[in-house]
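As recorded in TrEMBL:
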DOMAIN    60-281  domain 'Peptidase S11 D-alanyl-D-alanine carboxypeptidase A N-terminal'
ACT_SITE  SER90  active site, acyl-ester intermediate
ACT_SITE  LYS93  active site, proton acceptor
ACT_SITE  SER145  active site
BINDING   LYS251  substrate binding site
Amino acid sequence: MLISIIANLVSLYSLIALPLINTQVIDVGNFAESGRVNLVKTSLLRDAPYRLNNYSLGMKVTAPSALIVDKKSGAVLWQKNPEAARPLASITKLMTALVFLEHQPTAETEITIQPSDNRGGGRVYIFPGETIKVQDLFNASLVASLNNGIMALVRSTGLKEEEFVAAMNQKARDLGMADTVFIEPTGLDPVNISTASDIIKLMKAAFAQPEIVFATTQAEYSFSVINAARHYTLKNTDKLLGSYLQIKAGKTGYLDEAGYCLAAEIIGPQGQEILVVVLGSATESDRFQDLKALAQWAFDNYHWTFLPS
């Protein structure tokens with residue numbers, strides 16, 4: 001009888017304690033080829049969320065690479081080819097912004113757009129000869145993903161482009177982004193390569209900067225040209241802003257070679273914070289639908305136990 005009671009108590013303790021220290025990560029990377037889904041058991045921090053339903057296999061997404069991570073604990077909640085090397089397109093601009101801010105720019109400094117700042121790809125909203133405050137150019141460049149705006153910001157640091165790119169790659173190494181290489185600052189070159197796992201590391205660093213959080217969460221941004229009677233209002237490339245999801249920060253990206261990409265930090269209904277990356281979604285609308293579906297699935301299928309720090 002005593003042995004039976006002890007065994008029951010041990011089983012009860014396991015049921016109570018297990019969700020706080022263990023979980024199962026869904027890896028669907030090879031599902032399309034093999035028809036099998038692997039559940040990978042991992043040890044996590046006590047404050048990591050735990051799975052409510054191990055039979056839910058996650059969402060079907062068009063993105064060939066995607067990742068959901070709990071921000072606080074670093075626990076991987078769902079993954080699909082997270083180590084696949086892919087072009088990160090304009091998500092590159094998060095690293096550019098991070099390195100730019102390390103040069104401690106003055107918000108009121110004025111920058112005149114030069115013809116050499118122009119790059120192919122994307123729409124041109126600001127033009128050579130226009131003088132704009134640094135703060136406005138920084139915000140506009142992240143809101144509307146302005147390639148010539150980004151190049152003007154790089155030029156304003158006093159570094160040559162290759163020197164700035166070297167600083168971007170050094171920052172990537174500092175952040176532990178071992179599978180990331182930057183060739184230029186805008187994301188237009190498909191040889192700017194990263195992985196979903198590395199992009200999570202970039203997001204943690206970039207979204208810790210209030211300037212980046214502010215810029216990437218403005219549905220639109222208005223500013224005036226200093227040396228001309230022109231006023232611009234630019235709309236954000238992130239169509240999830242203003243949706244039912246609470247986006248704390250995010251950045252879109254697109255190249256023919258990269259597909260449609262999106263990286264976002266999302267706050268859940270109980271204050272949970274997750275980082276979600278989708279790389280290579282089939283269409284513009286798919287990237288937003290992929291990310292929405294993954295975020296909602298995470299909030300529906302995990303439970304967060306908030307413990308005192």
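Placement of Cβ uses the backbone N, Cα and C atoms for every residue, glycine included.
Secondary structure at the residue listed as 'substrate binding site', taken from DSSP and collapsed to helix, strand or coil, is strand.
Model confidence over the domain 'Peptidase S11 D-alanyl-D-alanine carboxypeptidase A N-terminal' (60-281) is summarised by a mean pLDDT of 97. For the residue listed as 'substrate binding site', applying a Cβ distance below 8 Å and a minimum sequence separation of six or more within one chain yields SER90, ILE91, LYS93, LEU94, LEU142, SER145, THR216, ASP238, LEU262, ALA263, ALA264. Secondary structure at SER145 (active site), as computed by DSSP, is coil. Other Cβ atoms within 10 Å of the Cβ of the residue listed as 'active site', summed over all protein chains shown, number 28.
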